[in-house]
């Protein structure tokens, strides 16, 4: 059919991009020296491999066909007999790739509670019920249940969207058994079976080719190659360690036949195939493992340790680990505070002391944190779904915001995954360029320049040179692809090989496509000499258009193929041939795949029409009288060169630039050739064309074989890791991720093929392709891109950073509340009644209301804040520091201390400013009596003060340094800008408004205030509340002003240093 492969120029310093790499690695010998003296003994087949000693599937490419069939006790003509096939099926089992360990409902549920904060809440809930405080226990139980339900539903829906791992083997296949061809289920294949392959077939197992005719297979899902690979049964490779993509006498399970036909002998099935080996990696579990030789005690301890780390949430993203450690710290602090309360009462613990101790312990724990975090993240996943990103795990969205490195596949992610003609050089020196192609199949997409002029299709007749017409006629007719469009509303569709599709689209850009040329009976096809991998060219003979004499009409032979295949057949001077080679090398150096196009006039009477029939073996017997191929493909007239490539996505360059601006390094890890990868990397900005930048790093571009040859110490000694890694294997990608982890980098790995799955699994955030990705890759990933677009990754990073910023905001808000309550309650131990019993400044339910109702909705509103304008202009946050930055820690103590002090001031102003020497009444912690009015009014004043201060804090926490009264100067300013600031986040505005309004019924409703909340209606005390709010705003604004002044001083200092250095 087409000329898909071997299109690069030979004779260069580098071998061709596709095909056989070096002739010295091959042999055409009929037998292999590895079998010299080998005697095969029946019944010695291993259970783990389907071969005898001396042969493994990994070495099949180094053996001849007779050697392989002998070792497998098979027959290259007749295959196995049915009895032997049944015996082997019983021995080796069905040919099925076992799926990765999918997430069960129990696993998804366990994920929701596997964090220390949830465990602390569970313990608090148990204690509350134990002391018959059912209201408090019930509220905490509701919070825990809410967190579990929201997280479970989100993760379960994501699993349903991605679905489980599917079997990659073909459903049926054609097998030769006892000399007869039959169709069987692929899972019934056994080692030694003889399989027939044709165009469109999915390879059902790993095969050593027995015979092949013009065979090419698409191995993109396994090796990452962007184009099909030519296969040759007669080749024997000497190097056992040749990469999978270069084993041209082998075909592998899950690859697809794109051209030709073949027969092959099964050497590996099921989990012994290359696909199976990768799937097996996904079945292993994370966590620290233990050697098999270790003692039983060590093995048990390792399992217990790994299990405890999972339960406590110490295995996961940086945020998960930080919050889990923080929860454990809070738990320890809560116990310490409870002990302090008990010690004050000299460990005479009655019900009131126990309740007060639990109140202090509860006050230090942000009960709503885990629920707010889960809901905010779930809402973020909904936003990401609109941005073409499916989040399989809630934690992944937060994690992706902290990435420092992105390792991306090239084909289909950074590029469009389709071939496009980019450059054409005609024999008369005319150059044609095609740029800005958005749709590779659409001939109207992109900009075309012919020479120095822009091409416009409507002006074709007056602008198309004759030399260009001849070139377009050749690439359109010597072509078996079809590019069609049903109507203008439907996008173009294409059938055929990528290279031929690209050439057909090129011709259609000039209204010279094959349908137009052959319309009305013009250019009748007289003969076709199909592409053959041995000669690397294709020729068709067509009757010349416009002839009146059907018998003596002139015709042309149209030829296209590799430079090295056509150049010797040209009727051209040495000078012209030298120029052709030079031009071809220039195109190849740009990473383009080069095609040579030529034609010559022939006598149409030499090609008689006839019929065709099919031979016994399935091959076509041509009854037409046609000249030999070598008599037609000679004295060719050179027309031009075509340079083809897989173009970058339009969004890729901008997305890479955005990553660089955000301090994220982008690496390209591809199975493609180094020249192609390098050209794309330069085009989209992964590599810089600045000579000084290139000189600063000599290892920006590496071939995987060179990288794999380095030890871990040598890799760690490199100044920086490669930006482009070409010819990657799965092992290479895994080693790259491991090297990043040793450098304390936090990396994203993208991939679509089976070969990407191990790296996706061990990376910090694995992102699979949804359109063209394999199910194995999706199973291993944390996220899935529904549009396979690199730009969607940048969107995910931006959303992750927004979420991280917002987590810091609502974490600050929640912790300020907790610190204020701890200060209030600890110092409140000094507020004693006449019997020396401490009077609660806040009742237990008031504490829970502030933490679970007021703070929760305010924190959730902060979680919905828009991204800051500079979110992608700053470097990634420090992973070593995590969420608890120095600024957040200092701010929470400053604001929390101020809030706690003001709450104390509110309580003492009412309790002691009015009561006089009599002090507080007795038994006011549990029940109301007229003598407790003062204590209840003081408690109500403290509750109102705490509530209003929390409402104000929610707005102040929108930005850590900017004033609430001038928070968005780039958008609006003026004395009334504060109103636009608070109105910007409507959910937060509603939460603040609701908190303000609800506070009044809680204070004034008769049953609610005295019986439930243990406080009383207040009047003049609102003046104290207002004064506390005003003082608090002054403290916060003064603190922010001090921070702004300090930051300005640091910037000025850096500017002065920079000027002095210059």
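Every residue gets a Cβ built from N, Cα and C, even glycine.
Unlike curated records, TrEMBL annotations are generated automatically.
Over in TrEMBL, the protein carries these features:
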COMPBIAS  1-11  compositional bias 'Acidic residues'
REGION    1-57  region 'Disordered'
COMPBIAS  22-32  compositional bias 'Low complexity'
COMPBIAS  41-51  compositional bias 'Polar residues'
DOMAIN    59-133  domain 'Cation-transporting P-type ATPase N-terminal'
TRANSMEM  113-131  transmembrane segment
TRANSMEM  137-153  transmembrane segment
TRANSMEM  326-347  transmembrane segment
TRANSMEM  353-376  transmembrane segment
TRANSMEM  810-831  transmembrane segment
TRANSMEM  847-864  transmembrane segment
TRANSMEM  893-914  transmembrane segment
TRANSMEM  934-955  transmembrane segment
TRANSMEM  987-1005  transmembrane segment
TRANSMEM  1017-1036  transmembrane segment
Sequence-distant residues near the transmembrane segment (987-1005) by C-beta distance (under 8 Å, 6 or more away from its ends) are 849, 854, 857-858, 860-862, 864-865, 940, 943-944, 947-948, 950-951, 954-955, 958, 1013, 1015, 1017-1018
Spatial neighbours of the transmembrane segment (137-153) not adjacent in sequence (6+ beyond its ends, CB under 8 Å) are 108-109, 111-113, 118, 121-122, 124-126, 128-129, 367-368, 370-371, 374-375, 378, 394, 848, 852
Query = Any chance the transmembrane segment (326-347) and the transmembrane segment (893-914) have 3 or more Cβ pairs under 8 A, given the pairs are 6 or more apart in sequence?
reply = no
In the domain 'Cation-transporting P-type ATPase N-terminal' (59-133), averaged pLDDT is 79
Same-chain residues at least 6 beyond the ends of the transmembrane segment (810-831) with a Cβ under 8 Å from one of its Cβ atoms are 337, 340-341, 344, 356, 359-360, 363-366, 368-369, 372, 376, 838-842, 847, 850-851, 855, 858-860, 862-863, 883, 888, 891-893, 895-897, 899-901, 903-904, 907-908, 911, 920, 942, 946, 949-950, 953-954, 957, 960
If one takes Cβ-Cβ under 8 Å and requires six or more residues beyond its ends, the residues near the transmembrane segment (353-376) are 115, 117-118, 120-121, 124, 127-128, 131, 133, 136, 140, 143, 146-147, 150-151, 323, 327, 330-331, 333-335, 337-338, 340-342, 345, 394, 803, 806-807, 810-811, 814-815, 817-818, 821-822, 825-826, 829, 838, 840, 842, 844, 847-848, 851-852, 855-856, 859-860, 863-864, 925
Residues in the domain 'Cation-transporting P-type ATPase N-terminal' (59-133) per DSSP class, helix first, strand next, coil last, are 46 helix, 2 strand, 27 coil
